[in-house]
Amino acid sequence: MKMTTPAKTQGFRLPLTWLGVAPFLVFVTLFLLLPTMYIVVGAFQTPDGKFTLANIAGLNTASILASYWISIKISLASAAIGCLAGFLIAAAVIFGGLPKAIRGPMLTFSGVASNFAGVPLAFAFLATIGPVGLVTVFLRTELGIDLRMLGFNLLSFWGLTITYLFFQIPLMILIITPALDGLKREWREAAEILGASGFQYWRHVALPILFPSILGTLALLFANAFGAVATAIALTGSSLNIVPILLFAQIRGDVLGDPHLGYALAFGMIVVTGIANGIYITLRARAERWLE
């Protein structure tokens, strides 16, 4: 009688390709998911650990609502200006007949500048166009132009907006460049054969195709500016009533702070940036249908 050996059951094994993704997953879990969960839970807790909606209700005050509104306006202004300027720069490099050697350095600089924020960026702008900055003093002593007399103040709405543009414009260049590369030459040739001018091509062909990418990037730039906590705190301190300043005041640990109200403020920022990022992801998926 022939004896048969039972087949060995193989346990579940992850593909080896997951090993390369493991460091990323660990990093995201430790420094994004877990802190976000901690903030969300803390926003609905009392100092004793009990469930409450008082922290969320505390957001409905005049000063906090005003800070959210100012933060939204600064984010919208920097996103709109950064989106327009970045698009024009990228289009000039790709379609403007500039030397191809410019593209590589431009993208390299954009990659570095888009991540240059926080205390170094705040110090750079204070040392350049601050009240006693290099450019400010030069304009006043050599050209007789006083930026203060003209109404410019770095520690203000437009001062913070201009500072944000340093990383908003490069980020726009990085994201919109692949979309501009996706415009097929055949589309322009077909438009020219049909008698369309350059303006008509951009109005009726290129811009409608690029519109989802542009609008999605605008949403991403808005989220990027709204979540720029370190730059705002380092640059303006307490001189501007924006959400990051109020958040820092609540969680810094002094007797006047309320950490759980700070969690609620951070939770509100997560909701706003989450909506903006959701819009970006949705519109990017729509744009990829044309640009694949």
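Residue numbering: from 1, along the chain as shown.
Using the three backbone atoms N, Cα and C, a Cβ is placed for every residue, glycine included.
TrEMBL annotations: computationally assigned, not manually curated.
Taken from TrEMBL, the feature domain 'ABC transmembrane type-1' covers 68-282.
Residues annotated as transmembrane segment in TrEMBL: 20-44 (among others). For the transmembrane segment (20-44), same-chain residues at least 6 beyond its ends with a Cβ under 8 Å from one of its own Cβ atoms are 51-53, 55-56, 259-260, 263-264, 266-267, 270.
With a cut-off of 8 Å between Cβ atoms, the residues of this chain six or more beyond the transmembrane segment (51-70) that come close are 43-45, 157, 240-243, 245-246, 258, 260-261, 263-265, 267-268, 272. The transmembrane segment feature in TrEMBL is assigned to 51-70 (among others).
Sequence annotations record features per position, and here TrEMBL assigns transmembrane segment to 76-98 (among others). Residues 106, 157-158, 161, 164-165, 168-173, 176-177, 180-181, 214, 217-219, 221-222, 224-225 of the same chain sit 6 or more residues outside the transmembrane segment (76-98) yet have a Cβ under 8 Å from a Cβ within it.
Sequence-distant contacts of the transmembrane segment (119-138) (same chain, six or more residues past either end, CB-CB distance under 8 Å): 147-148, 152, 154, 159, 162-163, 166-167, 230-231, 234-235. Residues or ranges marked as transmembrane segment in TrEMBL: 119-138 (among others).
What TrEMBL lists as transmembrane segment is 158-180 (among others).
Here TrEMBL flags 201-222 (among others) as transmembrane segment.
Taken from TrEMBL, the feature transmembrane segment applies to 228-249 (among others).
Long-range contacts of the transmembrane segment (261-283) within the same chain: residues 36, 39-40, 42-43, 45, 55-56, 58-59, 64, 68, 72, 212-213, 215-217, 219-220, 222-223, 226-227, 243, 246-247, 250-251, each at least 6 residues beyond the stretch ends and with a Cβ under 8 Å from a Cβ of the stretch. According to TrEMBL, the feature transmembrane segment maps to 261-283 (among others).
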Mind checking which residues of the chain, 6+ beyond the ends of the transmembrane segment (201-222), have their Cβ under 8 Å from one of its Cβ atoms?
75-76, 78-80, 82-83, 87, 168, 171-172, 175-176, 179-180, 183, 187-188, 191-192, 276-277, 279-284, 286-287, 290-291
